[in-house]
Amino acid sequence: MDELEELVVRSGDLGDVNGEQVLELTVDEIIEQHVGSFGYSQLLHVFLVSLAWIFDSQNTLITIFSDAQPPWRCKGSLCSSTSSVSMCELDQGAWEWVGGDKSSTIAEWGLICDKKFRAGIPASLFFIGSLFGSAAHGRLADSYLGRKKTVLLSCLLTFVTAFLTSLSPNIWVYAFLRFSNGFARSGIGICCLVLSTESVGRKWRGQVGQYGFFFFTIGFLSLPLIAYPAKTQWRNIYKVISLLPLAYSLLILPFVSESPRWLAVKGRTEEALDVLTKFAKLNGRKLPQNISISSPSHATTSSAERNESLWSARWAVRRIATVMIAGFGVGFVYYGVQLNVENLNFNLYFSVAANALMEIPAVLLGSVLLSFTDRRILFSLSAFIAGISCILCILFTEETKSKGSWSQLTVEAIGFMAASMAFDVLYVYSVELFPTNVRNFAVSMLRQALMLGAAIAPLLVVLGRLSPKISFLIFGGFSIFSGLLTFWLPETRNAPLYETLEQQEKEEKLGSGPAGEMELVE
């Protein structure tokens, strides 16, 4: 009798329970049919969530200024800073830093000459910390805390670690705190992306996924404005950016709702329905009183199915492996180009602002193209353009030896814009490739791959000072290779967001062609 009732009360069907007709629908169906695919409530929700990307960007890219090598000058007539003589060939008292000994970590701790390699350690450790933090926060967000509480935890830890960084007594403590800061902030991006996309209808997922990257760009653009007044005191930059995650946690995050999809997967259907009711009310709509959410964690579901792991299905393992390899290449190029900006013979503040401005058309263009273009094709084309642009930069390397090359800067800007678009699209794509019960973990795995590529990028930046042609060639090769990989992934545009691995496997097998069946075979 219980089995018969389960067959009758299915998604989209009417059943008779306790004398009342109950309409049982999935979260996807309630959003599409009753809440609205993307109304005022979701717009406000996405806006509040996406604000966190601002300080995520600031904590990621702050080392462009705090760890930069400042200009130096000779004291009196002891030497000539305009000659080809290196500071390492001069007596310590014959020259001085233009901005003073506190203008950057390099100036304060003397990270030059035989200690020059130490200057790159904090940046690499930051991304390694992000790599480990992505896995930890992804697991917490999927299995224990949920999306919202994980964002709160990540924000508070980011505040603490950023402020403590400003008090670092030496390079080794500084490097450790950068590692800790990378671990702390890694939960912000992945959880905010998932929290935003899980509140809207399927046709808006691509655009909503791009909104967070727009705020990431705002954070990038704000860095020169924060760093310039503090150009003689690098510690003040960290103190300023540490306050933003604290303010966000106290003033904004309390007004953000938990993901109704995650609540439904965890069997907390009443809470999920409360969130959807609030969304519907702000959209000027009202949910039917007899509506109910069909939970993937039904009483008849086995314990093994409720505790599905990303590694429990071979098709999911192959899929995440492909995404991670592509992400490694994209992260390598995306962060490498940004960190390499100090090696261009242009004003550092101008170069950073120019790079940041390139993110705006990347986000806008990506948002438009995602509305009607296949994710797989858009990512591949963006990666190809980024790779080709990096290789074309080889033609202008000779021109940059004595002065900045506008030709190279232009080609690099185009390549960075394409890399930024590929970076953004891959995040949205990965959200759609996996079901709710492992989605945050899958995105965190992608984040790990991106951070691993980013951790290696500073080494190529150092290599680029010796041989720019080799660095551009490697950047270009990795980007093109990443673009090729996604041809082995399924297309997800306008596809539903599934709740469990088992459900997704069954539905994709029913709706896929031979290629999809080959990927999903066990």
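A Cβ is built for glycine as well, from the same backbone N, Cα and C atoms used for every other residue.
These features come from TrEMBL:
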- 45-494: domain 'Major facilitator superfamily (MFS) profile' (DOMAIN)
- 119-138: transmembrane segment (TRANSMEM)
- 150-177: transmembrane segment (TRANSMEM)
- 213-230: transmembrane segment (TRANSMEM)
- 236-256: transmembrane segment (TRANSMEM)
- 316-336: transmembrane segment (TRANSMEM)
- 348-370: transmembrane segment (TRANSMEM)
- 377-397: transmembrane segment (TRANSMEM)
- 409-429: transmembrane segment (TRANSMEM)
- 441-464: transmembrane segment (TRANSMEM)
- 470-489: transmembrane segment (TRANSMEM)
Contacting positions for the transmembrane segment (441-464) when only residues 6+ beyond its ends and CB under 8 Å are counted: 117, 120, 123-125, 127-128, 130-132, 134-135, 137-139, 141-142, 182, 186, 189-190, 193-194, 310, 316, 320, 323-336, 339-340, 343, 423, 426-427, 430-431, 433-434, 470-472, 474-475, 478
Contact ranking winner - 236-256, 377-397, 470-489 against the transmembrane segment (348-370), Cβ under 8 Å: 377-397
Integer mean pLDDT for the domain 'Major facilitator superfamily (MFS) profile' (45-494): 83
